[in-house]
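A.B. asks: Can you read through this structure? Questions will come right after.
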Amino acid sequence: MLGIRAMLVMLDYYWIQLITNNDTRSNNTDTIFVSLLTGANGVTRTAIGGLHSNYTNLTEAFRFTPANTTTNSSTEGNWSVTNLTESCINRGESYLTTIWLLNCADNNTYWYSGNAYNHTIDTCKNTVSGYLFFGMCQLWKDWVTNASHDTVRIQSLGNEIRCMLLPRQYTLNATVEWYNKSEGDVPEEFMDYVILTPLAVLTCGLQEAYILDKGRRYMYLFSVSCAGITGTVSIILVSLSLLILICYYRCGRLLICPRGFELLPEFTEEEEEKEKLLTYKDIEVQVPIRTRRLLVPWIRESKMWVLPPPLPPRPPHLIEFPPSPPPSPGPMHMVVCMPA
């Protein structure tokens with residue numbers, strides 16, 4: 001298993017390098033999206049990626065809500081979800097998502113969609129404004145100018161996993177479908193992350209979370225099926241072994257008991273002494289006593305041991321051979337008489 005996992009990690013790294021080298025680096029670093037994904041057992045995943053700036057009709061088509069920033073103060077820290085108010089983050093038994101759209105060059109307005117964060121309370125609005133414009137914007141700018149921008153960065157920050165996507169501009173339609181919808185076809189722009197990495201966290205998206213859950217569920221069912229098959233085969237083998245042992249000890253070295261079989265009594269001491277006194281001639285005349293341990297009554301009394309009746313004598317006319325044909329005459333000499 002460790003070897004297979006190491007091979008998958010190497011394939012993942014090679015595939016990320018391949019798709020990155022085939023794409024051009026985005027020059028626009030101002031318009032970004034930030035996603036928040038929460039789930040059961042305290043699962044929290046965030047993602048930052050580039051976005052095309054020419055999106056329109058956010059309210060009707062994509063159901064985004066505009067919001068104004070309420071603070072301009074910067075907050076020091078590592079800029080994780082710990083900078084947000086914990087009571088503002090909604091958690092449940094199923095996955096909850098929120099997507100924020102913002103232009104880092106214009107820190108007056110941002111758009112949000114989803115139910116993973118509560119935007120109805122003023123305190124929540126204040127913390128999310130600083131989190132987005134002073135935290136996520138700075139992280140994205142540092143990431144784009146970083147020398148290792150051609151790979152996906154996965155950061156583990158306590159109970160949070162943050163995914164820094166490749167510095168490309170994703171369309172809003174693909175972003176909403178990947179981060180805010182649990183079902184549907186994988187968008188073509190995010191297909192590169194799924195082809196060879198179906199069981200790895202690379203984008204922190206909602207569809208990726210469901211793909212991971214399905215993969216783990218299938219692996220669990222496969223392991224349970226293997227355990228069930230192994231247990232069933234083990235039970236069958238143990239049952240056959242017990243049956244063979246019972247037949248061996250019950251039937252006296254015979255694995256298949258004949259019908260009406262009964263064990264003969266064991267030898268007594270007197271019979272043992274008599275057996276020792278037998279001579280070679282006695283053994284020729286009678287059946288040795290020791291063979292009683294192997295022979296069974298049904299063999300002696302079976303009809304297969306009775307000789308068939310002798311055939312009647314052959315009639316005399318069948319015994320006599322027919323007379324041989326007479327020998328063929330010898331060659332004749334021809335005499336020719338000539339007149340004088």
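Using N, Cα and C of the backbone, Cβ positions are placed for all residues, glycine too.
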A.B. asks: Labelled N-linked glycosylation site in Swiss-Prot - which residue from Asn22, Asn57 would that be?
C.D. replies: Asn57
A.B. asks: Hey, of the glycosylation sites listed (Asn118, Asn146), which one tops the CB count within 10 A?
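C.D. replies: The most densely surrounded of these glycosylation sites is Asn118.
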A.B. asks: Between the Cα atoms of Asn173 (N-linked glycosylation site) and Asn180 (N-linked glycosylation site), what distance do you get, rounded to the nearest Å?
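C.D. replies: Counting only the Cα atoms, the answer is 10 Å.
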A.B. asks: Are there any residues at least 6 positions away along the chain from Asn57 (N-linked glycosylation site) with a Cβ closer than 8 Å to its Cβ? List them or say none.
C.D. replies: none
